[in-house]
Each structure stands twice: as C-alpha cells, then as structure tokens.
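For reference, Swiss-Prot has these:
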DISULFID  CYS413-CYS1066  disulfide bond
REGION    17-20  region 'Furin-like endopeptidase recognition region'
REGION    1026-1032  region '4C4.1 epitope'
REGION    1196-1199  region 'Furin-like endopeptidase recognition region'
REPEAT    458-489  repeat 'ANK 1'
REPEAT    525-554  repeat 'ANK 3'
REPEAT    559-589  repeat 'ANK 4'
REPEAT    593-622  repeat 'ANK 5'
REPEAT    695-723  repeat 'ANK 8'
REPEAT    729-758  repeat 'ANK 9'
REPEAT    795-824  repeat 'ANK 11'
REPEAT    828-857  repeat 'ANK 12'
REPEAT    928-957  repeat 'ANK 15'
REPEAT    971-1003  repeat 'ANK 16'
REPEAT    1004-1033  repeat 'ANK 17'
REPEAT    1068-1097  repeat 'ANK 19'
Amino acid sequence: MISVGEIMERANHSLVRMRREGEDLTLEEKAEICSELELQQKYVDIASNIIGDLSSLPIAGKIAGTIAAAAMTATHVASGRLDIEQTLLGCSDLPFDQIKEVLENRFNEIDRKLDSHSAALEEITKLVEKSISVVEKTRKQMNKRFDEVMKSIQDAKVSPIISKINNFARYFDTEKERIRGLKLNDYILKLEEPNGILLHFKESRTPTDDSLQAPLFSIIEEGYAVPKSIDDELAFKVLYALLYGTQTYVSVMFFLLEQYSFLANHYYEKGYLEKYDEYFNSLNNVFLDFKSSLVGTGTSNNEGLLDRVLQVLMTVKNSEFLGLEKNGVDEMLNEKINLFNKIKEEIEGKQKMTLSETPENFAQISFDKDITTPIGDWRDGREVRYAVQYASETLFSKISHWSDPVSVREKACPTLRMPVDQTRRNVLVFRKFDSSKPQLVGEITPYLSNFIDIDRDLYNAASNPDSAVGFKEFTKLNYDGANIRATFDHGRTVFHAAAKSGNDKIMFGLTFLAKSTELNQPDKKGYTPIHVAADSGNAGIVNLLIQRGVSINSKTYHFLQTPLHLAAQRGFVTTFQRLMESPEININERDKDGFTPLHYAIRGGERILEAFLNQISIDVNAKSNTGLTPFHLAIIKNDWPVASTLLGSKKVDINAVDENNITALHYAAILGYLETTKQLINLKEINANVVSSPGLLSALHYAILYKHDDVASFLMRSSNVNVNLKALGGITPLHLAVIQGRKQILSLMFDIGVNIEQKTDEKYTPLHLAAMSKYPELIQILLDQGSNFEAKTNSGATPLHLATFKGKSQAALILLNNEVNWRDTDENGQMPIHGAAMTGLLDVAQAIISIDATVVDIEDKNSDTPLNLAAQNSHIDVIKYFIDQGADINTRNKKGLAPLLAFSKKGNLDMVKYLFDKNANVYIADNDGMNFFYYAVQNGHLNIVKYAMSEKDKFEWSNTDNNRRDECPNEECAISHFAVCDAVQFDRIEIVKYFVGTLGNFAICGPLHQAARYGHLDIVKYLVEEEFLSVDGSKTDTPLCYASENGHFTVVQYLVSNGAKVNHDCGNGMTAIDKAITKNHLQVVQFLAANGVDFRRKNSRGTTPFLTAVAENALHIAEYLIREKRQDININEQNVDKDTALHLAVYYKNLQMIKLLIKYGIDVTIRNAYDKTALDIAIDAKFSNIVEYLKTKSGKFRREYKSSYGERSLLQTNQISNFIDRKNIEHDHPLFINADNESSELFSKTASNIDVIGTLLLIDVLIRYFSKQGYISKESDSASDGITQAAALSITEKFEDVLNSLHNESAKEQVDLAEVHGKVYAALKSGRNSQIHQILCSSLNSISTLKPEDMEKLESVIMNSHSSVSLPEVTDSANEAYGETLHLFGESCLHSDGILTKKLM
C-alpha cells in the first residue's frame, strides 16, 4: 500500500487547488483533480473491464449499471488503494459515481451495438471494428506521451503545427467519448446535427487551416520529422507527433465509417430505406475520399499520407548515424512501419465500400398465382410497391427507387419479372404496403428473371400470433410452393418464426418436412428454434423439438446461453420442466461469464427458483467467473423472497465469497439495503466480519465508505460485528467515518465507547484525518471527546501540520484556537508555519506569527525558511507579509535557492521588481553559481533581462563572477560572459539578439562558436547573415570544429556551404573531421569527406583521420573510409609509434575492427617502433580470442613462427635455404624469401599469393607419400627443430593458398590452420611423414559447405600446380613420380575418401 507520506508529497500541488471549506466540487472537478494521481483513468479502466467480466449479468432493470459499479468499486477498494489517498483529495465518493456513469454509457453503447446489421453492412462493420482496434490500441498508448512531447516543444516554427495536431486529437477524443454513452435517440440526434461532428471530421482531410491533414503534410514537406543526428531531439519529437497525428487521421476515417454504418443500419431496421440510401452513400463517399488521401490514386504525383509517412520512417530507419539497435528507436520504427503497412494493405484491398451503381427498377408485376385475398398483408384496396438492391459477394448497392404502386384486387403473391443482371449479381427485393415498414421479401440469384413474392408471406404466417389464421395461411402458401428454408430477419427461418409464435401445428408439420440439421439451424446470433421457443415460453414447441432430437444444450454465439438459461431468466416453469425431461440436459451449464441457469433464475422469480432447487443435480453455490453465486445475485437484486427461497434449500453458503472475498453481506452494505442487511445479520450462520482481499474491508467499512448511515448504524449495534476491525493499512470504521464526515456514525461510536485514539499503521489518528479532510467541523467534535492534538504520525506530523500542509485553513485555525503546539517539527524539521507558507494560508501564517514572531525565519532540515517556501510556490500575499514581518529576504536553502531566484526562474517580473525594491541581493547565487540573471536568460525571460540591464545602479553585468569560475578556469569571467553563453546554449534567440545585436557584444563568449557547439542553426544563421560574423570565427578552433564534434549535421552543412574551411586546425593538429570521428558522427564525416577533407593530414600524434577512426572504435566510419575513400587513405599507414590500424585495434581489444581490417587486406606483419606485430601485442596482453583469430585468419604462419623465435628466425638463419639445398632444389633464395613483401617485383599482384617454396614442399610431401619414400632422409634425422618448423609452416601455408583459391569464406572458417600446422609439424618431427597426406585430406573432408564446383576447382588447382613451378634439376624419375603423385592425390584424397563423391550427390 502506498504510504501516506508519499501520497502527501504527490498530492500537494493538487490539494492547493482544492476549494476552501464550504464549497462542494462537482464530479467533473473532482475527476480532474483526482486524475493527477491517475485515479480517474483507473476508474475508467475498471469500468471498461466490467463490460467483459459481467456482460451477461442476469440482472435487469435500471439498477444494472449501479450494481455492476458497486461490484467493481468494491474490487477497487479491495485493492488497498482507498483510504488516505482519496481522503486527501476528497475523492472518496468518486469511484462509485464515476464508474456508475461510465458503465451506464458503456451499457448504452453495447445496447446500440447489439442491434443487428443488415447484410449490406455486416462486412463493413467487421472491417471497421477490426481496424479501429488495431489503430486505437497503439494510439492510446501514444496519447499520454504526446502530452509530454507537446509541453517540451518550444520551437517557434514547429510548435504551432504540433499544437494543431494536438488540438484536433483532443477534440476528436472528447467528442467521441461524449457521444459514446448517449442513449439511442440522443445518439441519433447528435450524429445528425447540421454542421455537426460528422461534417467537421469529414473535413479533417481537407487542406483547411483547422483540419488535421494540413499540419501533417506541413511536417512532411518541411522535413521537420527527419532527424539530422542522434541528438536531434526536436525532430524525434516531431516524428512522434507525425505518427500520432497520422494514427488519429486513420482513426477519424474509421470513426466516420462506423457512424455512417450505424446510421444506415438504424434506418434499415426502421424501414426508412431513403435514409438508409443516404447514409449508405455517405459511407462509400467517406471511404473513397479518405482512401484517396491515405493511399493516393496510384499515380506518381499523387502519393497518399501513409506513403509519405512510410517514406519518412524509412528515411529515419536508414540513417546510419542513429545507432538504432542501441537506443530502442529501431523497435518503434519497425512497429510503426508494420502498422502503417498493415493499414495501407487493408485500405488498398478494399476497392470500395459499396457497389457504385444504383439499380433501375424494371420490375413488371403480374398476379399469376391462384392465391386469393385476404391473406397475410394482402388486403384488397392496399397498394404495394417494390424496390431492389444489388448484392455481389460482400458489396451492396444503394436501394433503388420504389416502383409505381399496384392496387391489390382479389389476388396475392405476384410474380416479378426483371431483366437478368449482366454482371451476374444477386438482387434483393423489398416490399412495402402503403406507408408501412418495408420488408425484405427475397433474393433473385443470377440468370433468373422471375421472382414469386411468396416466401416472406410464409414466414409472416408462421409468425402470426393467431395460430388458427397463421396455420391456415401457412398451409395455403406452402401448398402453392413457398420455400420453408428461406431466411429473413437476422437469418431466421419459418422454424424460428413458428417457435416464437408458438404455433405448434405449423411446427408439427415442419418437423416432418425438415431434416434434423434444419431443426438445429441457428440464426445470426446463434439462436436455434429451441432457443427461441424457450425464450418465448412455448413449452409445447420445446417438447416437440426435444422429441425430434434437437440439441438441447446448444449455445448462442455471443453469451453462450443454452435454452435453459433463457427459460430460467423468463421464469417459464413449464418450459423448464419440459427441458428437464431431456436426459441430455445439463442443469449447471455455464454461459460466457460462468453464470449457470440457476443464476438466471434469480431474475425469473421464486417459482422457477423452486423448480430448480427441486432438482437433485443442482449446484446451489455455483460460482461465475468472478465468483458470484446465485445468493450474491439475489442480494444484489435486493430480492429477499428469492434469497429466502434459496435459503430454504438448506444448501446455500451464505458466507460464500467472490474473487475479491466479498460476501453477500458486503454487497448489501455497499448498496445500502438496510432490510436485507437485517435479514442477513439475523441468520445464525452469518459471519459479519469477513474482510475483502486484499483490502481487508468488512461490511461495516463498506457501509460507512458509501455513506449508508442507517446500514452502518445497524451493523455497529449488532453484537456479532467487530467495530474495531482493521482494514489494510490499519484503517478502522472510525477512520472511515471521519474520512467521510459521518457525524451520526461518530456520535454512535462515541456512545458505544469506541477508542478515539485508534491509529493506522502510519499512526494517523481520527484527528489527523479530520485535520486534512473537507469536514473541519469534526475537529472540534473530536477535541471535545478528548482527542490528543499533539499525536504524531510516523513522519512526525501533528494534526496542525497536516492541516497546514494540506491547505486546510479552517481546520488549522480551529486547532490554533485550541492552543495546540505550533512549534512542533516533523521528520523534515518543518513546523506548521512552513506548511502555511507552502500552501498559501495567509490567515494561518498571520495567526501563528501573531503568537510567535520568531518562527518567521525558522529553517527546516533543508534550510528552507517560510519565506523561501512561499516563494517557491508563488504565494505573493504570504511573501509580502513575511517580508513586512522582517523575514530575511536573502534566505537560501541547502541548494542555494533564494526568493529572487525562484521568481526570476518563473518569469515573474513584478516580483523581481518588488524584491529589487526591497534591496534583495541581486548577485545571490545557488550552489551551481546561478544568479537571478542567469535564470532569466536560461528560461527565456527577456523582460527580466532588459529590466536588470536598465538597473545600472543595482546590477552590473560586467562584474566578475567567481561563482562559476570552474566554467572559466583560465581567466576571470564577467556575468556578461556566462549570460551570453547561457543564452546561446539554451537557444534563447531573442535574448541572443538583444545581447549581440542591440548591445553589440559580438566577442563575448564567442556566440557563433557556442551556437555551433549546441547545434542551434537559427542562431548560427542570425549571427552569420545579420551580424556578419565570420564562419571560421576568430579563435583557433572554428565553429565548424564544434559543430562537427557534437554531430550537428545541419549546422555543419550550413557552415561549409558558407565557406567554412574544412581543414582548419581545431587544436593539436586535429581538423573538423577528426572531431566528428572522435564522437562517431558518420553522417558528418561523410559530408566533410565529400567537401575537400585532407585525409593524409596528421595530428600532433601523427594520426590521420583513418587511424583516429580505428583508435576511437568508430567501426562504421572506419569501414566507410576503407570502402569509399580507399584512394585517399593507406590502410597500412603508421602513427609516430609506427603503430598501424591493426595495432590500435588490438590495443583496444576491438575484435570487430580487427576482422574489418583483415577483411580489407591490412598487412599483419608490420612491426611498430617496439618491434611488435599486432599478434605479438595480443599474445603479450593475453587477449586469447584475438590471438586465436589472428592465428587462424591471418594465414601468415611463417610470420607467426618468426615472431615466436625472435632472432632465430628461419629467414635470418637461412635454415629454409639449407633445408631446400638438401633437396637439390636450385633457386634464387632472396627472391623467394621476398616474395611475400609488398616491395617485391618478382610477382605480379595476381601471382603474389603463390609461395613457390611452399608449393615445392607440398609436392615433395605428396611424391614421397605415393612413392613410399621417407620425407626426411637419414642424413636429415639430425635436422634442427627450426628446419622441421619451417617445413610444416610452408606446407600449411601452401595448403591455405589452395583453400584461398576457392573464394569460399565458409570453407576457410571450417579449417583450423593452426591445428593443421601442429599436426603436420608433429608428423614430420616424429618421422610419420605418411600421415601428412591423411592430415590434409582429413581437413578437406571436414568442410561441410564445399560445393561440387568447389571440389572440381580444387582438383584443378592441384593438378595444375606442376606448370606453376620450375624444377630444373629434378631427375626424370622424380618428375615422373611428381606427375603420378598429382594423379594419385586426386584419386585418393578427392575421390577415394569420398569427398568429391559426397559433394556431387
């Protein structure tokens, strides 16, 4: 439970707005105030939830909303958030009133929506409801955030545009909610008002000034919603507003479609087809108009709003500077892109809402049937007319005009002849006699031209309440060919009609004509004929249908009600008995909300209830989904005879609790049912002290809470009621009686001896609560009873503290008149005088100071005096009174805040002048060094700035200010310096113009540099274009340096376009691009790169922009420079320490950067000034993952060996040469050794990857394997470890070259070359040279991603190796063995081991 202390703090600003004693607040006023603690929305949410929880509540009448509200209010109160919080704001009666109001509105809306839709409107209604739910869900989520966005946007250009969006959205939401709960007739009148809301919302898509479309397109066209950098806060806020406005725009369309659909359906049901046509036409026009605005017309120059917004979203999403995945913007953008694409797809997929063509009425009418009048509606002398409507799948046209009237003379049921529709649409036929309500009489399918108007008359005959007449007409019409399977009202057939009218003769005949499926045929709401019969009390029909084997437990679609539910709520005992005769019946079947037929029987009365209770299998205590039993409902309905009937079963649990642990007694107390409460209390088994969960509220608590004094008084007098029971938080009935101002209850409590010093868990006594309630008269009553006026809460507050801090003047004065201690302090060291100052209680402050003037300057623990607190809360009269009483005008609290600072910050010029006149210290500053002048500047109060500048005798801005010395460490800076800096930093352009333009302070603070630093383009433009300041400024570091470093792209663009030097020194040899790189501003880097940056320029550390990007871990910038500016940079360049980019990347443990550099071919062999390669550094630093990567991915094993062996390098000791000499291979050793160097001229770039030594060694391995010769001869057994290492290294390198020839990165990643090298070395060292071939083949075999073409290429490379090397001194036998080896290698490794075979399969 939230603490009272927290509530007091949160509620303070709301409380001071409350009216003084004696003035009652309206429900709306209370709701507004309480909403500041987010109570109002909570109540609305609860009210909305109940519609789902209790939508089938079997309680009828006007009290339905009240009962449901009471139930949900009980739930809310039980949540433990009651009590003190509501007491503070006087909101204790708001939940019940507001929930009741909201519920009544929601029930009205549901009643309207439960009306059926014509076939023409069903699909439209589904589309609208589906789309509204998608759009409104996210729009509501954005709503609260949009308020915050509105408040924070100060930009002069953007703010008015956003305000238009906000104003329209608020108006739309307000009007939508206002009409939502209207009753049907009022709802219709509101929608049909001339120049009303429908017209206004239709015009929202026009480019008029007060429309919604205009500001949305203005944002898009001006580019306000596209951020220029990640710090472009304004653009992100405008983007949010654009998205919110666009969703509102879509919501408006669907709202209009919903309303026009409703109106069309309403008049269709009424039979006013002309009005139906009018709104049906409006429906289509609205859709087509909005569709054009939203998705365009398909031409390139007519893009819709959704396309334009999606373009904005994609532009933002594709901005590389955003770093989207790191700041959560990406998720939001994707969500909106998906939403708008979904909406667009939905709208585009619907070409139109209606068929555009209105049918011509070509009907020729003739009476061919021998059916004489009178029959049904056919009476001689009446005039009959017909109208038609096209229907094609889910689209319908308007209804045609009525045909000329035809007089009825002796014959009925004419034949209508019409031309066949060429587009093969169905034709609906309507009929009207005289001026009566039209009826749908049938449907003509394609290819048919004749229609006999007889089926509707059959349906009407079955509906006739006069059974004899109905049966006679039905028999005649059926004999003459009427269709018993034709459907009419809401999908009902003659079976439903006979079931409703109770015409058992017709139903009996139909049961022989129909199939079993037709007897179970549901209408559009899921009602089968037996549902209709049970709901109408036609027991005979029910019995007949049961005998014919219909489904007895079938359920309706929405509420899932069985026929037994319907009979029970109607009280039809005989029908109930017939239903119970079925062996299949389930008497305890539940509906959607878990209510059983017995729950419904509560509404049906005592007789039906008795019939239920006589059933052995009945569950008397069955609970709904929310835990309500039938006994709960009987009490809620205040029907004691029904409750008594239940009790007569001797099975009822009278203490049963619902999901919130609320009993029937609780509900009686909540609803104020005194007589019912008496009956319950007198029951022997009653537990009067059951408490709700988790609120722990008893029935007595609820009776007091809802101000039912008679019920509360009765309960308190009852011996089995605990009057001292504590609810959550330690709240007793006595506390609630004070909270609610129940004097009668308090008097009774005093009479029965209740302890008046009862304390809540936070030690609030009744007197504490009275002191901060709206019932100050209770204070004297409690004091007269001896209440302790010096009692303290856990926070040390006395009743007087609470009265003053809650703005309760009358309560405070009553306590003061009783000589309470006015010098008591609470836990914050505050006295009542502090509270009076905070809440502006002048009369209380005067009363206290008249008693003790010394408290005027008393400080609390925060060093706040009463004067300072009054100033912080802008209570002018109190401030002036304190100053007149000698209060220290320059008082400062622990943060350094003083009265002058408070009013300067708020922009109150009159009070600033007043304090100047009272000789306040104008140079006083807070702990951050901020004086009144800085506050005025930072908050844009130009009037105060000008006033201060005019008071030369009191304030001089040229004075040195040491309070902010840390901001100006190298010199003594004046107030003027900080003021100009602040004006620029906080984007106060009018004040900048005053300082620079009017006063001529061009040099102070370097305004152009500061404007560039903070990205204020308007100020930059003003200074350059109107004050003619140089774009390069007068300092060493230029404005461009500042703008680039801080990523202000638009400012960078502007400065460069106006001649700023992109290579100007920014200090330490750095230029603008270096500054941008250090902060990872890719977009700025790209722009500067395109405008003449010198990429070879080095800073004082010898670092180029490229090396800076690597050092700063700016991965995307580094890749951009390598990929796009390769001609301007040297990937292998070195700084003053001879470090390359790879060295730097290793230093910073940036594996991603290392991979990037390796990918683009950086030389891994380069050594820095300390003779270290990048791999050496990684090994020394023990960066194991980097070491592993460099070993396996760099592919330079010879260099690895050299690094490992230092001065014993193979190249230095010439051991490779010695090794090859022993093989009798002649070569130009130095050239071979240098073949890996960039400076080598021996090989072209294409051939430079071929290591001749490695090739020879690999071939030698293969030759000796297949010729069964030893690899190392006996003479070489003593060969040094270095020679063996060299051989293994070269073989592995050549093997890597073979793999590289595939250009298959995945294949290379699957081979661990370090492992290959180790195995080859081990084999050579141990003399197991035959294993080398197996090692290499095994490595190839481990590659899972090799494709057949890769294998063929691999084989080709191996087989072509002979031609790539020269063996001048090799013997013929060796050459022959070499050729045979290549063949055997292909056969044994690529084929025999199955590698190639497997890959080709």
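Each position is counted from 1, following the chain as shown.
From the backbone N, Cα and C atoms, a Cβ is placed for every residue, glycine too.
Neighbour counts were taken as the number of other C-beta atoms within 10 angstroms of each residue's C-beta; across the disulfide-bonded residues CYS413, CYS1066, the minimum falls on CYS1066. Residue counts for the repeat 'ANK 17' (1004-1033) under DSSP (helix as H, G, I; strand as E, B; rest coil) come to 18 helix, 0 strand, 12 coil.
Tertiary proximity for the repeat 'ANK 19' (1068-1097) is limited to same-chain residues at least six positions away from its ends with a CB under 8 Å from its CB atoms, namely 228-229, 319-321, 1038, 1040-1047, 1049, 1052-1053, 1056, 1062, 1104-1106, 1108-1109, 1112, 1114, 1116-1117, 1120-1121, 1124-1125, 1128-1129.
Taking DSSP states H, G and I as helix and E and B as strand, the repeat 'ANK 3' (525-554) has 17 helix, 0 strand, 13 coil. Long-range contacts of the repeat 'ANK 17' (1004-1033) within the same chain, counting only residues at least 6 positions beyond its ends with a Cβ under 8 Å from a Cβ of the stretch, are 229, 231-232, 976-978, 980-981, 984-985, 987, 989, 992-993, 995-997, 1039-1040, 1042-1043, 1045-1048, 1050-1051, 1054-1055, 1058-1061, 1064. Applying DSSP to the repeat 'ANK 16' (971-1003) sorts its residues as follows: 21 helix, 1 strand, 11 coil.
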